[in-house]
Amino acid sequence: MTRTLKGRRWHGRHEEREAAAHEEEHVEEHVEEREEGTARAPASAGQEGEGPDAGAGGGEQDAVSAGPDEEVERRAPDSPADLPRRSWSAVLKGTLKEFRRDELSDRAAALTYYSILALFPALLALVSLLGVVGQSATQTVLDNIQKLAPGPAQDVLRSAVRQMEGRGGIGSVMAVVGLLLAVWSASGYVAAFIRSANAVYDVPEGRPVWKVLPVRVGVTVALMVMAVISALIVVFTGGLARQAGTALGVGDAGLTVWSIAKWPVLVVLVTLMIALLYRATPNARVRGFRWITPGSFLALLIWMIASAGFALYVANFASYNKTYGTLAGVIVFLVWLWITNLAILLGLEFDAEMVRQRAVVGGHPADDEPYVQPRDTRKWDEEDRRRLGSGPEAPPG
C-alpha cells in the first residue's frame, strides 16, 4: 500500500514537472517569435486571476497574432490614395462602429480632465513669454480667444490670462517654474492619449517604461513649442507686423498678404500637432504614414464646425446661465474641451480604420485584431517571463 501511494506521488510530481517544462518551452517560443518579428500578444487580463495552478495548464492558452505578416505588408498599398473605393466605405462604417466600441466619448472626458491640469500651467508659461514682447501681445491673444472660444468660455480663459499677466518675464523664476510645471502637467495628457491610441489600434502597450517616458515628454515638449509658435503667429499682427515689415523692408502689400496667409499657416501647424499625437503615441508601427493625415484634417474640420455650432447653441438656445449661474462659463469651457478631444479621437479612429483597410487589401483578415504590427513587445516578454517564474515549483525528486 505504501509503495502504491509513493508511486502515485512520484507519478503526480512527474506530471507537474512535465507541465512546467512544457509551459517554459511554450513561453520561450512566444518570446523568440516576438524577437523575430512575428509577435504574439500576452495572456489576457482575465487569466491573471485563475490562481497558482493556471501556470501548469497555461501552456495551451490562446495566442493572438500581433499584426499582419510581411507578405501582407508587401501587398498592402503604400498610400491612402491607393485604397479601392469599397475600402473607403468600410473606413467610414468602421470609424463609427469602433468609435462606440472603443468608448471614445469616455476617453475624451478623461483627456478633458488632463487638459485642465495642463492648460493653466501652460498659460502661465505662455503669458510669461509674451510679457517679453509687451502688453500688446497679450491683448492680441485675448482678442483671438474671443474669436475661437464659445461665449462663456471666453470669460474663463480671459480671466486666467489676466490673473497671470505681468508676473514675470522669460528670465524670471515664475517663467522657469511655470514652464517645468507645464511640461510635466501636459505630459499627463500625452500619457492618457497614449492609452487611448493603443485602445484605438487594438494593441496593448508593449514598450517598457524607460522607452515610453521619453516619448511622453518629447511629444509634450514638441507640442508646446508648436503651440508657442502658433501663439506668436496669432500675435504677430497689427503694430508688431508693421514694425517687422519696416525692419525687413516689406511694404503694405506684403503685410496684407501675411494677414491673410497666417491663418492657413496656423491651420497647417495645428494639423501637424494633431498628426504628431497620432504618429508618436501608439504602440503601433504604422507604415505609409504621412505627417498630414486625412484623420488630422478631419479632426480639425470637425472641431471647427462643432465649435461654431456649439457657440451658436450657447449664444441662442442654451440656458447655462440660468442653470449654473456664475459657473456657466466653466461648464461651457469644459464641454468645449470635451468636444475638442472628441474630434481629435474621431480623427485618430479614422486613420486607424484606414490602416485596417490597408491591411485587409493586403490580405489580412478583416476581423483579425490587431491589424498593425506593434512597435515593441518587450513588456509582453517580461510579463510572460514573470508569469513563468511565478508558476508552481517542481518538488524535489
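Placement of Cβ uses the backbone N, Cα and C atoms for every residue, glycine included.
Database features (TrEMBL):
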COMPBIAS  1-12  compositional bias 'Basic residues'
COMPBIAS  13-38  compositional bias 'Basic and acidic residues'
COMPBIAS  48-60  compositional bias 'Gly residues'
COMPBIAS  375-387  compositional bias 'Basic and acidic residues'
REGION    1-86  region 'Disordered'
REGION    365-397  region 'Disordered'
TRANSMEM  110-133  transmembrane segment
TRANSMEM  170-194  transmembrane segment
TRANSMEM  215-240  transmembrane segment
TRANSMEM  260-279  transmembrane segment
TRANSMEM  291-315  transmembrane segment
TRANSMEM  327-348  transmembrane segment
Residue counts (helix, strand, coil, in that order) that DSSP gives for the compositional bias 'Basic and acidic residues' (375-387): 10 helix, 0 strand, 3 coil
Positions on the same chain near the transmembrane segment (291-315), where near means CB under 8 A and six or more residues out: 80, 148-152, 267-268, 270-272, 274-276, 278-279, 332, 335-336, 339-340, 342-344, 346-352, 354
